[in-house]
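> If you look up Swiss-Prot, you'll see G172, G173, A174, G175, V176, G177, K178, T179 marked as ATP binding site, on the strength of sequence analysis.
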Amino acid sequence: MRINPTTSGSGVSTLEKKTLGRIVQIIGPVLDVAFPPGKMPNIYNALVVKGRDTVGQQINVTCEVQQLLGNNRVRAVAMSATDGLMRGMEVIDTGAPLSVPVGGATLGRIFNVLGEPVDNLGPVDTRTTSPIHRSAPAFIQLDTKLSIFETGIKVVDLLAPYRRGGKIGLFGGAGVGKTVLIMELINNIAKAHGGVSVFGGVGERTREGNDLYMEMKESGVINEQNIAESKVALVHGQMNEPPGARMRVGLTALTMAEYFRDVNEQDVLLFIDNIFRFVQAGSEVSALLGRMPSAVGYQPTLSTEMGSLQERITSTKEGSITSIQAVYVPADDLTDPAPATTFAHLDATTVLSRGLAAKGIYPAVDPLDSTSTMLQPRIVGEEHYEIAQRVKQTSQRYKELQDIIAILGLDELSEEDRLTVARARKIERFLSQPFFVAEVFTGSPGKYVGLAETIRGFQLILSGELDGLPEQAFYLVGNIDEATAKAMNLEVESTLKK
């Protein structure tokens with residue numbers, strides 16, 4: 001682990017040897033800077049512009065070198081707004097990539113892309129910093145242990161279980177519940193999980209970031225009385241930030257997580273919401289730099305950029321990073337290059353379906369589209385594997401019969417198919433679950449369901465023991481005992497109405 005104590009976001013001016021350049025062109029967030037011959041900065045070096053604008057306001061803008069243009073000029077992308085910058089202003093080459101604070105000092109705090117705290121709780125100890133650009137761990141350092149990460153969410157644990165130290169993607173279009181699901185996972189895992197978590201808010205809504213912060217303070221994940229005892233560090237580069245900041249904020253969060261893994265030898269949870277915005281910001285920067293766009297207007301370096309980020313998220317012999325990433329799917333098209341490129345890196349995919357969300361089934365996880373490399377008998381056990389396959393087969397058969405039902409009605413089906421449909425509808429409803437983080441909206445208390453309870457519940461539905469219960473009894477409940485209790489209550493209510 002290379003620690004660089006000389007440069008952090010705000011402390012870059014402490015460098016003794018400064019190379020000065022001058023701005024020669026400004027196009028939005030992109031600056032062209034001229035340097036003296038033989039004093040050219042390297043690619044990814046941090047540049048700092050300091051001075052005053054026309055009304056005397058202090059300016060302090062950090063940029064990152066992206067291209068060497070020739071004629072002693074470089075092209076750099078700004079990490080903050082370029083308002084007030086003028087041609088001829090002095091630019092300092094820090095001589096190193098952007099570095100951010102790492103270690104225990106980051107816990108309980110909110111940072112921007114430069115590693116500067118934005119929570120008004122005072123400065124952060126920056127004695128230990130680390131550059132945001134580094135290579136992925138060598139092949140020989142990797143760890144290949146296989147174990148399941150229990151989430152307490154029935155549909156996930158049964159049909160697409162998560163791997164400890166793996167990469168998980170939550171795929172879905174706009175408004176199907178990706179952020180709510182990621183917040184529930186933080187609630188269930190970060191609280192039960194003894195290690196630390198890092199949350200990277202990449203190009204998402206500022207309101208959601210604020211809600212998450214307030215919720216973490218209420219739940220004790222962030223300890224206001226003693227910040228040092230907090231379990232999470234937050235790094236935000238939201239929708240209103242320039243593309244340079246949104247493109248690099250994921251690396252800032254990852255750098256903090258890597259320190260906990262490599263130096264503190266801890267198991268870390270890394271949440272990224274939303275990895276699509278990382279690609280989107282890269283596409284904007286690519287266009288600003290004048291590169292020819294590739295498929296669907298994305299940057300030609302899409303696979304390289306995604307690979308350089310994802311390959312650093314891995315488990316080594318020192319510790320593990322388990323990463324849970326929300327992936328926005330443009331126009332619900334899973335073949336779009338951004339989600340399609342992300343698919344290749346993941347151990348498990350949780351696909352959210354607009355059809356299920358429209359039916360009011362939350363979490364709206366599609367049981368047939370969601371996959372996991374962990375769903376193998378030798379890893380999860382024969383019973384779990386068999387129940388999961390039977391649930392999928394029943395759901396698949398129901399899907400095939402839906403056209404016939406829509407045209408001819410249920411009565412035209414065979415007795416066997418009618419039974420399959422009845423069980424599939426119970427399964428569909430039993431895959432829904434009340435969330436802790438949605439209590440405020442729904443009014444029903446959240447439920448955590450252990451894996452053994454989940455398997456038992458679906459075993460009873462598939463065996464036919466619960467064929468007599470109404471399907472609404474299975475909707476938004478925790479374990480199967482709650483479903484049978486709800487069925488009894490429904491029966492009592494209907495008797496009283498008569």
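Using the three backbone atoms N, Cα and C, a Cβ is placed for every residue, glycine included.
Describe the structural context of these features.
Around the Cβ of V176 (ATP binding site), a 10 Å sphere holds 27 further Cβ atoms from the protein chains shown. According to its DSSP assignment, V176 (ATP binding site) is coil.
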> Counting only residues 6+ apart in the same chain, whose Cβ is under 8 Å from the Cβ of K178 (ATP binding site)?
L170, F171, G172, D273, N274, A326, V327, Y328, L352
> Taking the centroid of the Cβ atoms of G172, G173, A174, G175, V176, G177, K178, T179 (ATP site), which other same-chain residues have Cβ within 8 Å of it?
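Neighbours found: Y328, L352, A357.
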> Non-local Cβ contacts of G177 (ATP binding site) (under 8 Å, 6 or more apart, same chain)?
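Same-chain residues close to G177 (ATP binding site) (Cβ under 8 Å, separated by 6 or more) are L352, A357, Y362, P363, A364.
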> Go through G172, G173, G175, the listed binding-site residues, and name the one with the sparsest Cβ surroundings, counting other Cβ atoms within 10 Å.
G175
